[in-house]
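Encoded as structure tokens, the structure appears first; notes follow it.
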Amino acid sequence: MALTAALKAQIAAWYKALQDQIPDFIPRAPQRQMIADVARTLAGEEGRHLAIEAPTGVGKTLSYLIPGIAIAREEQKTLVVSTANVALQDQIFSKDLPLLRKIIPDLRFTAAFGRGRYVCPRNLAALASSEPTQQDLLAFLDDELTPNNQEEQKRCARLKGDLDGYKWDGLRDHTDIAIDDDLWRRLSTDKASCLNRNCHYYRECPFFVARREIQEAEVVVANHALVMAAMESEAVLPEPKHLLLVLDEGHHLPDVARDALEMSAEITASWYRLQLDLFSKLVATCMEQFRPKTTPPLANPERLNAHCEEVYELIASLNAILNLYMPAAQEAEHRFAMGELPDEVMEICQRLAKLTETLRGLAESFLNDLSEKTGSHDIVRLHRVILQMNRALGMFEAQSKLWRLASMAQSSGAPVSKWATREIREGQLHVWFHCVGIRVSDQLERLLWRSVPHIIVTSATLRSLNSFSRLQEMSGLKEKAGDRFVALDSPFNHVEQGKLVIPQMRYEPTIDNEEQHIAEMAAYFREQLESKKHHGMLVLFASGRAMQRFLEHVADVRLLLLVQGDQPRYRLVELHRKRVESGERSVLVGLQSFAEGLDLKGELLTQVHIHKIAFPPIDSPVVITEGEWLKSLNRYPFEVQSLPSASFNLIQQVGRLIRSHACRGEVVIYDKRLLTKNYGQRLLNALPVFPIEQPAVPDVIVKPKAKPARRRRR
């Protein structure tokens, strides 16, 4: 389709009307460029797909929504906007699209949040009820569906009143009533516990109401995981050929796609025996009380017992083999080099893949049959069995996926990382098996790049080391296929608005020097805190261990610090805002996740402290396997893997500071390797251009601490 004069005029008119809606709107050349690039790509005028880096301040959301809606209407397609986190998804759904509705009055949009973000009306009714009979009936389905106290019951009753009165849409983030994590866990549900069409509340269930709205919407706001699942099953969303797709926060896409090639599950022999026995009893119950129309052959008790016995014997053999690779009776880990399993283990995994897939099929068959019996059996007993069968299906789905991955030699031309771990819980040994695919470009090509005609991949950060190479390698997007890669200029004047501070640290932030380095960092941070120049501060760490050591050094000012994990992130940010706006000092402290999606403008954040260059963990089995594979191809892992990842993380961290034209402040990076190592200049060159200062650090005396024992992690 060509961009007609009428379509261009419509996009321009909406953009002009938008300027009238936003107070103090500042026209930006990068925004106009993005609107044009997005329009040309979605209309099929230029290239296959577009990867466009739009720095903070460009206004990327509205830059893809305006042309996207115009072209979707012209082509009678659905515009799907996908994000990586709930905060951005909710911002688009609750703020950006309602703003556009003012200039596009008949705009129809909806959101497809994950099931866990919605209240389950069945659970809510149980927890809101003050009548013992109602509580007893529903508590029979789940022991946790009774309120802990009268105050909790009243809170749930208010929530139910809002839901029934259409004052609340059932989303956790859309109510002012406080819901702690424990209560929400009981109010919501997951796929395994959802009764779906068999539920009395199905028609008014907020989750299913939202899913039905998708069919009528012009714009659907989804998340990457849902989009990937929908492309795999051709469910929830319209057919790929009838979509226009925007992947916001597109740098997360390879990680989300990797979920399809990632599985960890317990394989302890005694645990497995218990699960198989419970499933056999469940099948017997179904055959006795809810006999299916057609009996699956495997439901025969003798056949099922023989099948489960073979599964158990294989699992027991695998446990015995894996134990030979790990020290006896203690926590341990064994990784298989290049993901290559011994022949004996590979044969076991291949057989388990077939056997557990058969059990998965049996569970699914019974579940489908049970779902058709709601009108002819005791509803409470039937629903109880449906829930149990749902959970069995989930377990066998996970096991089938695990052994299928374990049986794969490669994915997207790269090995599948495989390792086993042994843990001790309450004095008992538990064995786990793990599989993670290193590359997912083939999956993305099959599900997205080849299926959807035109896709926009965007984010404030898509490049690392000023290059799209890492994105191309991980995603499979490539110029040869007609994909375009565009990096927009920042609308901000970083030279005038901020500065980069690299203190003259005596120690590098290595494991050997960690204690001394953190002591120096704490001393400089304390000096900055005592100067009272900054009311809003952010401190970012590369590891939880380092963050805890830092907190020990500044324990006397702990009340000023809002630390990740103390409360949910959104509450920490709310409290930070309130403190700063009331003239108090406030310091947010967190890990890499706080370097993304945190939008604090002006006085809310004027100083960012970065512990060190965040290289990926060298003890991760996935990173080690990837390194082995790269070396086998005569590629240098540090250049391909570590440095691009560190650059990407650093760009995101530094990007927390300048969020608007009114922002002023400084970024403090406690890592002298930026100035002393050859790669340091390359990392600096990928950052916005700030003036650099190198102040002295207060003297500190620290006794070296014994090296902590490190456990490997993925």
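The backbone N, Cα and C atoms fix where each Cβ goes, and this holds for glycine too.
If you check Swiss-Prot, you get these features:
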BINDING   Ala54, Pro55, Thr56, Gly57, Val58, Gly59, Lys60, Thr61  ATP binding site
BINDING   Cys120, Cys194, Cys199, Cys205  [4Fe-4S] cluster binding site
DOMAIN    17-294  domain 'Helicase ATP-binding'
DOMAIN    517-698  domain 'Helicase C-terminal'
MOTIF     248-251  motif 'DEAH box'
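All features noted in Swiss-Prot, drawn onto the structure.
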| residue | record | Cβ within 10 Å |
| --- | --- | --- |
| Ala54 | ATP binding site | 28 |
| Pro55 | ATP binding site | 20 |
| Thr56 | ATP binding site | 21 |
| Gly57 | ATP binding site | 20 |
| Val58 | ATP binding site | 25 |
| Gly59 | ATP binding site | 20 |
| Lys60 | ATP binding site | 25 |
| Thr61 | ATP binding site | 22 |
| Cys120 | [4Fe-4S] cluster binding site | 26 |
| Cys205 | [4Fe-4S] cluster binding site | 23 |
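Secondary structure at Thr61 (ATP binding site), taken from DSSP and collapsed to helix, strand or coil, is helix. Listed binding-site residues: Cys194, Cys199; maximum Cβ neighbour count within 10 Å falls on Cys194. Cys205 ([4Fe-4S] cluster binding site) is 35 Å away from Gly59 (ATP binding site) when you measure Cα to Cα. Under DSSP, the residues of the motif 'DEAH box' (248-251) split into helix, strand and coil as follows: 2 helix, 0 strand, 2 coil.
The residues near the ATP site, meaning same-chain residues not in Ala54, Pro55, Thr56, Gly57, Val58, Gly59, Lys60, Thr61 whose C-beta sits within 8 angstroms of the mean position of the site's C-beta atoms, are Pro30, Gln31, Met34, Ser63, Ala460, Leu488, Pro491, in sequence order.
Residues Cys120, Cys194, Cys199, Cys205 make up the record's [4Fe-4S] cluster site, and a Cβ search at 8 Å around their centroid adds Pro121, Arg122, Thr189, Leu195, Asn196, Tyr201, Tyr202, Phe207, Phe208 from the same chain.
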